[in-house]
Amino acid sequence: MVMLRMASTEEEERSVGHTPRAKNDSLPDVKVTIGAGHDLDDLGVIEPLPEDKRITININSISARVPLLQQRASLLSRLNPRRIGSSTNKPTHRQVLFDVSGSVRPNEVLALMGPSGSGKTSLLSIMGARDQKQMQSEGTVTFNGQPLTKRLKRRVGYVLQDDLLYESLTVQETLYYAAMLRLPRHMSHEDKLRRIDLAVTALGLGQCKDTIIGGFFRKGISGGERKRVSIGVELLINPSVLMLDEPTSGLDSTTSMHVLTMLRHLASGGRSIVTTIHQPSSRLYQQLDKLLLLSQGHVMYYGAAQQAAEWFSRLGYSLPYGSSLADFILDLASADVSNPERDGEQSRLYLIDTAEAYLRRHPQDGFNMDRDSDSGAGGGATAGPGHISGSGSGSSSPTSISRSDGADIAATRGISGVTVSKLGAQGDIQVAGGSSGALQEEHRWGAPYLTQVSLLFRRSLRTRRFETMKGQDVMQFSAIALLAGLFWLQAGQDNTVLGARNTLGLLFFISMFASFRALFLALYTFPEEYKHMLKERASGMYRLSAFYAARTLSDVPSDFTLPTAFFLVVYMMGGLRYNAAAFFGMYGTMLLTMLVAQGLGLLLGVITMVPKTAQTLASVVMMSMVLTGGFFVTTLPSWLNWVQYLSFIYYALGISLYIQFSSTQLYSCTDPASGDSCAPASLPNPESNPNCFPVYDVQESLALPQNPASQGDAIRNAFVLLGFFIFLRVLVYVVLRRKTARL
Ligand SMILES: Nc1ncnc2c1ncn2[C@@H]1O[C@H](COP(=O)(O)OP(=O)(O)OP(=O)(O)O)[C@@H](O)[C@H]1O
């Protein structure tokens with residue numbers, strides 16, 4: 001707990017390293033460098049924004065509630081009304097934001113600060129329309145007066161707290177795919193490449209540009225470099241608004257300073273920047289224009305960042321000499337500061353009450369003394385409610401504030417290294433609709449549709465560069481193919497009924513093995529990609545259908561190579577029909593079956609989005625398909641007969657049987673001594689054996705659920721499989737669309 005003594009404003013400024021500034025300080029036109037002396041002015045992406053691209057964000061009375069984890073009512077309590085009352089009266093939600101208002105204008109850096117759990121990330125996510133489904137929010141956020149439309153979202157860069165990057169891509173590749181997908185189509189390929197180079201240079205990523213991003217299992221670039229790559233991905237599009245969640249967390253002070261300096265510089269080019277920041281040093285704090293301080297979801301201060309000390313001092317909470325302002329206000333928000341009149345919690349509540357009362361009159365502008373003197377309002381318009389001046393400090397109330405544009409704040413900042421001459425020219429705020437016209441003219445998607453598919457396809461292959469053809473997969477397939485080949489060695493050449501039963505097992509095994517693998521691999525596709533997809537779709541990077549097509553197509557080479565080799569070995573060793581048409585017919589059937597199984601896996605994955613749940617469901621579904629596929633269960637009760645028609649393995653087996661047996665004459669042979677059916681070894685030539693008789697009804701003699709001799713049935717089976725394939729793919733797309741409907 002910090003006990004306060006009163007400090008003068010000058011003391012405060014000295015203690016946080018501020019030099020009291022005259023309002024119109026003219027600052028030297030100093031170039032800003034970031035990392036390894038790179039010059040930010042060299043980065044084409046941060047040239048000043050044209051007037052019509054600038055965006056003012058207004059936050060109007062945002063409140064938010066999150067669900068509380070509750071145990072489901074037991075059956076007993078659901079049946080007993082008296083118990084129901086006791087369980088359902090518990091609150092189900094907790095409010096985490098309370099009526100928060102504010103604004104960010106072009107040229108401004110607004111910092112959201114507060115102790116952990118105070119609601120910074122929640123507020124930022126609501127502002128960027130990235131809030132989670134579970135969160136219920138009220139109030140509005142407008143961008144130049146309009147809600148955040150899909151088109152506007154493409155002008156908003158959003159950097160998440162946990163960088164979401166593909167671990168197997170290099171830094172250069174990450175920026176390349178982002179640039180090619182997001183930059184406007186009228187820009188030439190060379191210009192896009194140049195922009196990537198500039199971003200790499202300006203963000204100091206040159207030395208690691210060919211290193212993979214890496215992750216838990218495979219080490220890649222450092223944490224600070226990851227942050228810079230995440231920022232770089234957003235900078236490439238030259239956004240009008242940049243929102244960042246903890247861009248400096250985990251970075252050393254120098255790198256944090258580089259990041260904040262860069263943000264300040266970006267803002268000075270007409271962008272509106274909002275960033276959450278945890279505990280900035282005094283140097284970092286100086287880069288901020290506006291501060292919105294949250295304490296347990298309530299606004300404790302909103303206004304010019306450099307005047308927060310003044311505000312609190314007037315309320316009786318002066319910055320102790322030698323303390324950092326950022327630490328001090330976080331202590332205030334954490335109820336860790338008391339004064340002779342109030343303990344920590346009382347002080348916190350008092351400061352919140354005072355701020356909320358004041359901000360009801362100035363919801364968008366907040367506290368800024370400079371504007372008073374600007375407008376000549378002085379203390380004339382008494383903005384502060386009576387209880388502010390009545391604070392325990394005995395000091396005067398916070399000066400009343402008149403509205404003026406945010407450029408004044410920027411123009412008075414005096415941040416070392418920022419070319420302030422630019423700020424004055426760009427200070428005007430755009431009115432609603434002014435920029436939307438220009439935004440309408442832009443193409444909705446950066447890259448054309450087919451280019452999106454091609455880029456996403458190539459990226460998808462690269463993201464799995466460490467996965468394809470793993471040694472253990474090759475071993476697994478070789479072992480199973482060899483074992484199956486040996487168990488069914490030349491079984492297909494045996495044309496006795498006994499031999500045909502054996503071959504039936506081989507045909508079934510081929511369909512089943514290929515399907516199982518395809519289905520279980522596909523379960524993970526979308527759950528693993530979900531977060532990336534949400535993030536990239538939220539920034540309008542590509543069409544969902546382009547992603548879907550590319551992602552599923554890119555599975556084909558890796559998922560189908562080994563099964564093809566497996567098929568070749570098993571087909572030859574198993575002695576299935578040596579005929580090109582039969583071979584390719586059987587191969588095509590296996591591929592189609594795999595595609596259907598893959599579709600089913602994708603569907604289960606996308607419905608659940610949780611691999612473990614999808615796996616459980618998949619084993620039940622797949623077992624039912626296998627059991628009713630026509631090999632294990634051959635006679636079903638009539639009322640359950642329809643189940644087999646749902647099994648894609650049933651149709652696959654039907655086609656395979658047609659290919660193998662429709663033009664082969666089978667013989668039923670009996671051993672004269674025992675009267676039993678004979679094994680092929682004992683009767684190598686059934687055609688000339690008097691104990692063998694031709695079989696005319698293969699379906700009956702093999703107890704099959706469908707007729708292998710019927711070409712019509714085989715064609716129907718092929719069409720049904722094709723129908724399954726198309727139906728499942730469409731269904732996956734529809735579910736995926738619903739899951740990402742909020743984007
Ligand atoms: N989806 C959710 N379900 C339940 N509680 C949530 C959810 N999202 C946020 N919260 C709660 O809301 C509060 C604010 O969370 P938020 O992440 O916005 O805080 P923060 O200020 O960003 O914290 P930090 O600095 O630690 O990141 C926390 O108490 C958090 O537990």
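Using N, Cα and C of the backbone, Cβ positions are placed for all residues, glycine too.
In TrEMBL, annotation is done automatically, which means it is predicted and not curated.
Under the heading compositional bias 'Basic and acidic residues', TrEMBL lists 364-374.
Taken from TrEMBL, the feature compositional bias 'Gly residues' applies to 376-393.
Summarising the annotation, TrEMBL assigns compositional bias 'Low complexity' to 394-404.
For 79-321, the entry in TrEMBL reads domain 'ABC transporter'.
The region 'Disordered' annotation in TrEMBL covers 1-29 (among others).
Positions annotated as region 'Disordered' by TrEMBL: 364-405 (among others).
Sequence annotations record features per position, and here TrEMBL assigns transmembrane segment to 474-492 (among others). Sequence-remote contacts of a segment are chain residues at least 6 beyond its ends whose Cβ falls under 8 Å from one of its Cβ atoms, and for the transmembrane segment (474-492) they are 499, 502-503, 505-506, 509, 513, 562-563, 565-566, 569-570, 572-577, 660.
What TrEMBL lists as transmembrane segment is 504-526 (among others). Same-chain neighbours of the transmembrane segment (504-526): 480, 484, 488, 491-492, 533, 551-552, 555, 559, 563, 566-567, 570, 574, 576, 586, 589-590, 593-602, 604-606, 609, 611, 614-615, 618, 622, 625-626, 629-631, 648-649, 652-653, 656-657, 660, 702, 704, 736, counting only residues six or more beyond its ends whose CB sits under 8 Å from a CB of the stretch.
Taken from TrEMBL, the feature transmembrane segment covers 560-578 (among others). Here the transmembrane segment (560-578) has long-range neighbours at 469, 473-474, 477-478, 480-482, 484-486, 488-494, 503, 506-507, 510, 513-514, 517-518, 586-587, 590-591, 594, 659-660, 664, meaning same-chain residues at least 6 beyond its ends whose C-beta is under 8 angstroms from one of its own.
Under the heading transmembrane segment, TrEMBL lists 590-610 (among others).
Long-range contacts of the transmembrane segment (616-636) within its own chain (CB-CB distance under 8 A, at least 6 residues past either end) are made by residues 504-505, 508, 511-512, 515-516, 519-520, 523, 597, 600-601, 604, 608, 643-644, 646-650, 652-654, 703-706. Residues annotated as transmembrane segment in TrEMBL: 616-636 (among others).
Here TrEMBL flags 643-661 (among others) as transmembrane segment.
Annotation comment: TrEMBL describes 714-736 (among others) as transmembrane segment.
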Other than its close neighbours in sequence, what residues sit by the transmembrane segment (590-610), given a CB gap under 8 Å and a spacing of at least six beyond its ends?
510-511, 514-527, 530, 552, 555, 559-560, 563, 567, 617-618, 621-622, 648-649, 652, 718, 721-722, 724-725, 728-729, 731-732, 735-736, 739
Distant-in-sequence neighbours of the transmembrane segment (714-736), which means Cβ under 8 A and at least six residues beyond its ends:
526, 544-545, 548, 552, 589, 592-593, 595-596, 599-600, 602-603, 606-607, 648, 651-652, 654-655, 658-659, 662, 706
Tell me, roughly as an integer, the mean pLDDT over the domain 'ABC transporter' (79-321).
86
So what's near the transmembrane segment (643-661) in sequence-distant terms, Cβ-Cβ under 8 Å and 6+ beyond its ends?
492, 500, 503-504, 507-508, 510-512, 515, 576-577, 582, 585-586, 589-590, 592-593, 596-597, 600, 624-626, 628-631, 633, 636, 698, 704-706, 708-711, 713-714, 717-718, 720-721, 724
